[in-house]
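These come from TrEMBL:
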- 6-199: domain 'Fructose-1-6-bisphosphatase class I N-terminal' (DOMAIN)
- Glu93, Asp117, Leu119: Mg(2+) 1 binding site (BINDING)
- Asp117, Asp120, Glu280: Mg(2+) 2 binding site (BINDING)
- Asp120, Gly121, Ser122, Ser123, Asn213, Tyr244, Lys274: substrate binding site (BINDING)
- 205-331: domain 'Fructose-1-6-bisphosphatase class 1 C-terminal' (DOMAIN)
Amino acid sequence: MLGKAKTLGEFIIENQSAFKYTSGELSRLINSIRLAAKVVNHDVNKAGLVDIIGAHGDKNIQGEDQQKLDVYANDIFIQTLKNRNIVCGIASEEEDDFISINSQDENNQNKYVVLIDPLDGSSNIDVNVSVGTIFSIYRRVTPVGTPVTIEDFLQKGEAQVAAGYVIYGTSTMIVYTTGHGVNGFTLNPAIGTFYLSHPDMQFSEDGQIYSVNEGNYVHFPQGIKNYIKYCQMEEGNRPYTSRYIGSLVSDFHRNMIKGGIYIYPQTAKDPNGKLRLLYECNPMAFIAEQANGKASDGFNRIMDIEPTELHQRVPFICGSKNMVEKAEEFMRQQ
Ligand code: P6P
C-alpha cells in the first residue's frame, strides 16, 4: 500500500493546475487543513486519557454547551490558518462573528475565506463515537487589501471553490472536493501521512440506508413522516435499513460509500432544522453533488439558498439522488 498509493501532498501538486486563478494558495490552504487535522486527530484519539473531554463550561452562539475538544479543535484550525497567512477571514460554529485575518492590511493579497465546523458531533466524544471537522472555502467577494465583510461569508453554496471533511473514526480520513470530483485520503498514523485510499468517491443512484433521528418523528413535516413510512414498507427492495450515528460526517460518509440518505428536517425544537447552512450543509452538499448525489432542504437545492445569517439553520436531506428525489416528492405531496 505505502509504496503505490499517492500521498495527499502529491495529489495536491498533481492537481494544482486544476485550481483556476490561484498561485498555489488553495493548495497551501488544503495543506494547512491537513496539518490541523493531524493535530486534532492526535488529541481526539487520546481524549479519554487526558482532561480534554466533557463540557468546557461555556455555551456557543447556538446556546449549546461547548465541549472542551470543540474549543480546542476550533483554536487549532484558526491558529493554523492564521499562522500560515493564507486566508483573509474565518467563520466558525464556535465563534459568534467571523474573524478577519489581517484583511485590513492593504498588502494582504489573500483571497480565500474558510467557514468551519471544527468538531461536528462532539457530544459523541465522551462515548467514543466518531466525530468530524467540516470546512467550506470561498473566494472573497470584496476587494483584496480591504477588510473582509459579512458578504464575503454569506455566499451561496454554489460559489464554493472547495469543501471537505475530516472524519476521526476507526481511521482518520480527509475527504474533499475542489469541483473536480471527490477523493478520500486515509492517515497512516505511524508516519503521519495521508494516502489516497478512496479515489473518485460516488454515491450510488439508489441506496437502502436511511439516517434520521426518529425520536423526533412526531414533530416532522408530514412529507417526511410519509417518506419514513415508505422506507419501512415491505415492498420491492424495502424495508430499508435504519442507521443513525448522530454524527453528520459519519452518517454522510457511510451513506456515500454504501448508498443512502441522511435527513435532518424541521422539528419542534429546531423549526428551521438543526444543521447550519454555511459550515455544515453547503460543504456536504458540494461534496454530495460532486459525488453524483443530491442535497436539498426538501424543496430547494441547498447550494442555491441565499444565506442571510452566519449561523442560519436549514432542513437538510442529502445522499443518493433517487432517494433524495423520492423524499422531495413526498414533501411536495404533503
Ligand atoms: P440529534 C451533531 O450535533 C449534529 O450537528 C450532527 O453531526 C448530527 O447528525 C446531528 O447534530 C445529531 O442531532 O438531534 O439527532 O442528536
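Backbone N, Cα and C define each Cβ position, glycine as well.
By the rule that a residue counts when its Cβ sits under 6 Å from some atom of ligand 1, the binding-site residues Glu93, Leu119, Asp120 yield Asp120. In the domain 'Fructose-1-6-bisphosphatase class 1 C-terminal' (205-331), the DSSP tally of helix, strand and coil residues is 56 helix, 23 strand, 48 coil. Distances between the Cα of Tyr244 (substrate binding site) and those of the binding-site residues Glu93, Asp117, Leu119, Asp120, Glu280 are shortest for Asp120.
Neighbour count (other Cβ atoms within 10 Å of the Cβ, all protein chains): 25 for Glu93 (Mg(2+) 1 binding site).
Mapped onto three states, the DSSP output places Asp117 (Mg(2+) 1 binding site) in strand.
Of all the binding-site residues listed here (Glu93, Asp117, Gly121, Ser123), Asp117 has the Cα closest to the Cα of Glu280 (Mg(2+) 2 binding site). Cα to Cα, Glu93 (Mg(2+) 1 binding site) and Asp120 (Mg(2+) 2 binding site) are separated by 9 Å.
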